[in-house]
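Here is what TrEMBL records for this protein:
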type     : residues                                                                               : note
BINDING  : Arg199, Arg200, Gly201, Lys202, Thr318, Ser530                                         : CoA binding site
BINDING  : Gly394, Glu395, Pro396, Asp418, Thr419, Trp420, Trp421, Gln422, Thr423, Asp507, Arg522 : ATP binding site
BINDING  : Val544, His546, Val549                                                                 : Mg(2+) binding site
COMPBIAS : 1-21                                                                                   : compositional bias 'Polar residues'
DOMAIN   : 38-89                                                                                  : domain 'Acetyl-coenzyme A synthetase N-terminal'
DOMAIN   : 96-485                                                                                 : domain 'AMP-dependent synthetase/ligase'
DOMAIN   : 538-617                                                                                : domain 'AMP-binding enzyme C-terminal'
MOD_RES  : Lys617                                                                                 : N6-acetyllysine
REGION   : 1-25                                                                                   : region 'Disordered'
Amino acid sequence: MAETPQGQGQETLSNLLQESRSFPPPADLAADANVQADAYDAASADRLRFWEEQARRLQWEQPWSNVLEWNPPFAKWFTGGKLNAAVNCVDRHVDAGRGDRVAFYWEGEPGDTRAITYADLKDMVCQAANALTELGVNKGDRVAVYMPMIPETVVAMLACARIGAVHMVVFGGFSVDALGTRLDDSEAKLVITADGGYRRGKPSSLKPAVDDAVRDRPAVENVLVVRRTGQEVEWNEGRDVWWHDIVDRQPTEHDAEAHDAEHPLYIMYTSGTTAKPKGILHTTGGYLTQVAYTHWAVFDLKPESDVFWTAADIGWVTGHSYIVYGPLANGATSVMYEGTPDTPHKARFWEIVQKYGVTLAYMAPTAIRTFMKWGEEYPAQYDLSSLRVLGSVGEPINPEAYMWYRTHIGGNRTPIVDTWWQTETGAIMVTPMPGITHGKPGAAMHPIPGVVVDVVDESGESVPNGHGGLIVVREPWPAMLRGIWGDPERYKKTYWSRFEGLYFPGDGAKRDEDGDLWLLGRVDDVMLVSGHNISTTEVESALVAHNKVAEAAVTGASDPVTGQAIVAFVILRSEAGDGGADMIKELRDHVGAHLGPIAKPRQILVVPELPKTRSGKIMRRLLKDVAENRELGDVSTLTDAQSIETLKEAFQESGKSDE
Ligand code: ATP
Ligand code: MG
């Protein structure tokens, strides 16, 4: 887990970046916003009552008797209550007469489309639930889902939830090994997969990886296969079952049992930086309460008129909470897109926004910075005037990326909600509210109503305004992880041992002069330069603020003089050329001018690509290995393992001529 560089640091985390831009909510949005300022008052007056009110958005077969049982660090929410997540996401909307509303406008990468109404979804989920039962899947069994971004993936998850089986989605880009270790740890008895999916203009296979992973794992009894691409697949008679053979012949009726509020809903593995992946466990009632509330509140969702789009993969927690459970619990209409943003052209996302009239869009800063790099001419080709709220998730959004997003996607009109949360938190924790919060580029602003977040120093004391430290959560929240699958000790040690009674997410943060929150990246990545703890985020944001830089990643490399020195890797915008010595000097001076001389990088290397995880996050740990000329650590979760080798060579080359 996160280790803060100890020692001479004068403060936990320096506060270097100043930002004076601020955008009030648009008047019409503010007037009609789902959340008004009184929500914060109500929640701070009586937090548990506030969450009880939010839980009433759901349909409970049996009401809870106890809102929270808190035996630190183990929480149970809404105990005694019973509900069915699939019924909440699907059936009740149909029962309320909204069966004709579209749940998903699905867009395949090759351009094939499907519009799936809530009534369609109900039939599909019931059939799949019946099929799972026929395959011998029982309540409490684990089911692995290793799928492309197709509607059957959502159906598979909901069918599990319906019968009380625990789904464990593994991102379709992960390797055989990653799938295998997750199958072992969760002891899944069924794997649901597809022949393949479309990525970058061609079919990309999935079934062979499942075959390899399952070969020596007899615990997996069946492999259920959706036909998507029509690729040749090896068939293991007796084990493999085509989805269309077993699901399509099932009745579209299924009696759903109500499950306990604390019944496990899913396991989602976080990659884990060093040791074996952590199976983060989420349960039913509290999780669904907070994802439904935040989806409605943070995006100001009007389910009758909005078209919502989370442009992320379902194999990531963002997809679980804001493609599947939040939007469906709220009866929203969503877009789901199978492929990559540059297929068949670099404006595919914007074409989709125009085509479906997307009003609320949610994506990662890494995508936004990629669009910045490609240039504003791509979004400019499409009508994006339907958009009214834009969201960001996954990493700190650099102020310049925020400005670009707001200007070129949001038409200078839409609020941006920068939402901080984690797999472990299950749902959004810190964010502006679009109808009430003034947006500051780069700031996640405030904890949501009912969530108590603080920034503390090494000794666990709150830091004053204008100071940096570590973000913590002071009180249990409904969607919090209930543990690490099969390992309660690791749960305690990882999240609850740093500070007595406080949840420690492992991220740095600061509170600015106004008391607003800024996330500053992982504590493990903080650089200790001449006694100052400097966050990677602030230096990266300063670099991205230069008009020739599209993306930047920095890391601290050991240095005989300063302890650690800042090494930066930058990707230039397409119009910027390839960056000679003058440009490097200009960038170093620019950072110095922005943040002070202490933050000036020792070295800057212009690169074509940065090492990223499959969910698009920069792997600074590998850049540190490069900057310190070490053997590269674990590269198994990288999208492109070759790119880091190339980068390493370039770095070693540059060292020969530098300074
Ligand atoms: P792993 O835990 O497996 O190493 P991960 O932490 O990247 O992976 P996630 O749970 O998907 O996996 O990501 C949560 C982390 O992402 C947060 O702890 C934080 O570091 C970062 N993050 C997410 N959203 C934001 C945001 N809006 N601002 C700043 N950082 C964010
Ligand atoms: Mg994490």
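Any Cβ shown, glycine's included, is placed from N, Cα and C.
On the structure: features taken from TrEMBL.
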residue: Arg199; record: CoA binding site; Cβ neighbours (10 Å): 17
residue: Arg200; record: CoA binding site; Cβ neighbours (10 Å): 11
residue: Gly201; record: CoA binding site; Cβ neighbours (10 Å): 13
residue: Thr318; record: CoA binding site; Cβ neighbours (10 Å): 24
residue: Pro396; record: ATP binding site; Cβ neighbours (10 Å): 27
residue: Thr419; record: ATP binding site; Cβ neighbours (10 Å): 25
residue: Thr423; record: ATP binding site; Cβ neighbours (10 Å): 18
residue: Arg522; record: ATP binding site; Cβ neighbours (10 Å): 20
residue: His546; record: Mg(2+) binding site; Cβ neighbours (10 Å): 20
residue: Lys617; record: N6-acetyllysine; Cβ neighbours (10 Å): 18
Can you tell me which of these binding-site residues sit near ligand 1, meaning the Cβ is under 6 Å from at least one of its atoms: Gly394, Thr419, Thr423, His546? Gly394, Thr419, Thr423
May I ask for the distance between His546 (Mg(2+) binding site) and Gly201 (CoA binding site), taken between their Cα atoms and rounded to an integer number of Å? 33
Please report the three-state DSSP label of Pro396 (ATP binding site). coil
Out of Gly394, Pro396, Trp421, Thr423, Arg522, point to the one nearest Lys202 (CoA binding site) in space (Cα versus Cα); all of them are binding-site residues in the record. Gly394
Widest Cα span across the CoA binders Arg199, Arg200, Gly201, Lys202, Thr318, Ser530, in Å? 50
Might you list, by sequence position, any residue in that chain lying six or more from Val544 (Mg(2+) binding site) with a Cβ less than 8 Å away from its Cβ? Arg369, Asn398, Pro399, Glu400, Ala401, Ala550, Glu551, Ala552
Mind looking up the mean pLDDT for the domain 'AMP-binding enzyme C-terminal' (538-617) in the predicted model? 91
Which one is closest to Thr419 (ATP binding site) in space, judged by CA to CA distance, out of the binding-site residues Arg200, Gly201, Thr318, Ser530, Val549? Thr318
From Arg200, Gly394, Arg522, Ser530, Val549, the binding-site residues whose CA lies within 10 Å of that of the residue listed as 'N6-acetyllysine': Gly394
Show, in sequence order, which residues other than Val544, His546, Val549 on the same chain lie with their Cβ within 8 Å of the centre of the Cβ atoms of the Mg(2+) site. Glu400, Ala542, Leu543, Ala545, Asn547, Lys548, Ala550, Ala552, Val570, Leu587, His590
For the domain 'AMP-binding enzyme C-terminal' (538-617), residues assigned helix / strand / coil by DSSP: 28 helix, 27 strand, 25 coil
Could you round the CA separation between Gly201 (CoA binding site) and Gly394 (ATP binding site) to a whole angstrom and send it over? 26
Looking only at C-alpha atoms, tell me how far Ser530 (CoA binding site) is from Arg522 (ATP binding site), rounded to the nearest Å. 20
Closest to Arg522 (ATP binding site): which of the binding-site residues Arg199, Arg200, Thr318, Val549, going by Cα position? Thr318
Arg199 (CoA binding site) to Gly394 (ATP binding site), Cα to Cα, whole Å, comes out at 22
Can you name the residues of this chain that are 6 or more positions from Trp421 (ATP binding site) yet have a C-beta less than 8 Å from its C-beta? Val393, Ala427, Ile428, Met429, Val430
